[in-house]
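Everything on this sheet refers to the single structure shown next.
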Amino acid sequence: MAASPKIGIGIASVSSPHRVSAASSALSPPPHLFFLTTTTTTRHGGSYLLRQPTRTRSSDSLRLRVSATANSPSSSSSGGEIIENVVIIGSGPAGYTAAIYAARANLKPVVFEGYQMGGVPGGQLMTTTEVENFPGFPDGITGPDLMEKMRKQAERWGAELYPEDVESLSVTTAPFTVQTSERKVKCHSIIYATGATARRLRLPREEEFWSRGISACAICDGASPLFKGQVLAVVGGGDTATEEALYLTKYARHVHLLVRRDQLRASKAMQDRVINNPNITVHYNTETVDVLSNTKGQMSGILLRRLDTGEETELEAKGLFYGIGHSPNSQLLEGQVELDSSGYVLVREGTSNTSVEGVFAAGDVQDHEWRQAVTAAGSGCIAALSAERYLTSNNLLVEFHQPQTEEAKKEFTQRDVQEKFDITLTKHKGQYALRKLYHESPRVILVLYTSPTCGPCRTLKPILNKVVDEYNHDVHFVEIDIEEDQEIAEAAGIMGTPCVQFFKNKEMLRTISGVKMKKEYREFIEANK
């Protein structure tokens, strides 16, 4: 592949740190965007809409009894096929709590955390800033940090965790079948904890500006240098929207909160914080019609409509963030398990039992009323205990006494500096390493742009680590923190994290935004190594 004519502009001696810029195109960069300059300054998915079929209320008479194929506790396989005790679909506080309890009961739960269909491992808390009402954290904790602790605890007790999407499942006959993007699993019970997905407004130009000015994750994208010092807007009037508005004041010059109703629905504490913040303006009775752009194709404003008068106005804003609620991710159970008219999984009151015996639901996928992290965790506990009782009472349980897994070794604890840089190593961090590798590496260079509060970034790292390990001698991996290396991110036009870029022979080959399947990264490396 021929090098872009502008690549290498300003390349100087490699004895001092350089800044790297890169393109933000989803496929290939405009040739003028990637260059290296000399400086001695060292600084730092697929979302989908839920079909909401009409469902009737379930009753005990509608509950299905599926026949078991295993007749004794020693039966862990049928016809040579391994049958797991329990598969947990989804993560978040519900899924991880269920995994902790199931693992401590020696059930060896298999957990499919998901990463695209409906969110990322850790659920909605991965897009939450400060969690101040979860017991045990008097000073609060960020959503991603809380989920990371829960995940490590589940892993410590022996849960098998896979960051894979479940593509289909069958619960009409036992054992149940779960098909993911990479494997097929048989199991005696299922805990369904897929949570809910952020809703979109479906504006006329939403797809055009998605991740280029429109976002449903303030903590993922708000730290982008392109939003720093700009006017931003948030849509919604609940806790999610008010929390996002408050968070964005750390970066924005001013934040506009666009509320359809004549009052906020958020908690009183959140309302007080918003109303008393001079950097936030609340617009009541206001509907978002569309986004506006300038002659350069960049988002420049929002078209608003007053619901009480019908008057339309234009609001200057460089970014629009959604905080308008969620839809339950129950699609995989449609036609198999009873759902209500909004798509929530119906469970027997006070339990996690669905209309199919052996299938349990936990978290926001079955809770349309409370929707709190602590209630989701509680329902995950109930689901795990219920699954254990179900397995025991049906003589299906097989105990697994396995050693506790060691905590994953911490990687990338410090940025590469001149005296510690070693090109023979595969994995690196920071702008110095990127500059050196850009000049000297004959391999494919995979660059991951992250930010400290980005939940999906924590999802993507282990995925990329596995891919990089598979191609250990064919790739170099560099992690760039966009807050530490702001100039790189700004020049690259990085408007959200995570973002991956591939380079080879001083040429940028491709940019991939968000979290994708491992095979997409594998196929690209295989084709270019």
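From the backbone N, Cα and C atoms, a Cβ is placed for every residue, glycine too.
Here's what Swiss-Prot has on this protein:
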ACT_SITE  Cys454  active site, nucleophile
ACT_SITE  Cys457  active site, nucleophile
BINDING   91-94, 113-120, Asn133, Val166, Cys220, Asp364, 371-374  FAD binding site
BINDING   Thr240, Arg265, Ile324, Tyr344, Arg371  NADP(+) binding site
COMPBIAS  64-78  compositional bias 'Low complexity'
DOMAIN    403-529  domain 'Thioredoxin'
REGION    54-78  region 'Disordered'
SITE      Ala241  site 'Important for activity'
SITE      Val259  site 'Important for activity'
SITE      Arg260  site 'Important for activity'
TRANSIT   1-67  transit peptide
Please name the residue among the recorded positions Ala94, Val259 whose C-beta has the most neighbouring C-beta atoms within 10 angstroms.
Ala94
Model confidence over the domain 'Thioredoxin' (403-529) (mean pLDDT, whole number):
85
What's the CA to CA span in angstrom from Ala373 (FAD binding site) over to Thr240 (NADP(+) binding site)?
13
Quick one: DSSP breakdown of the domain 'Thioredoxin' (403-529) into helix, strand and coil?
44 helix, 30 strand, 53 coil
If we check Cα distances from Arg265 (NADP(+) binding site), which of the recorded positions Ser91, Ala94, Val259, Asp364, Cys457 wins as closest?
Val259
In the structure shown, which of the recorded positions Ala241, Ile324, Ala373, Cys454, Cys457 has the fewest other Cβ atoms within 10 Å?
Ile324
By CA-CA distance, flag whichever of Ala241, Val259, Arg260, Arg371 among the recorded positions is nearest to Asn133 (FAD binding site).
Arg371
Rounded Cα-Cα span from Thr240 (NADP(+) binding site) to Cys454 (active site, nucleophile), Å:
16
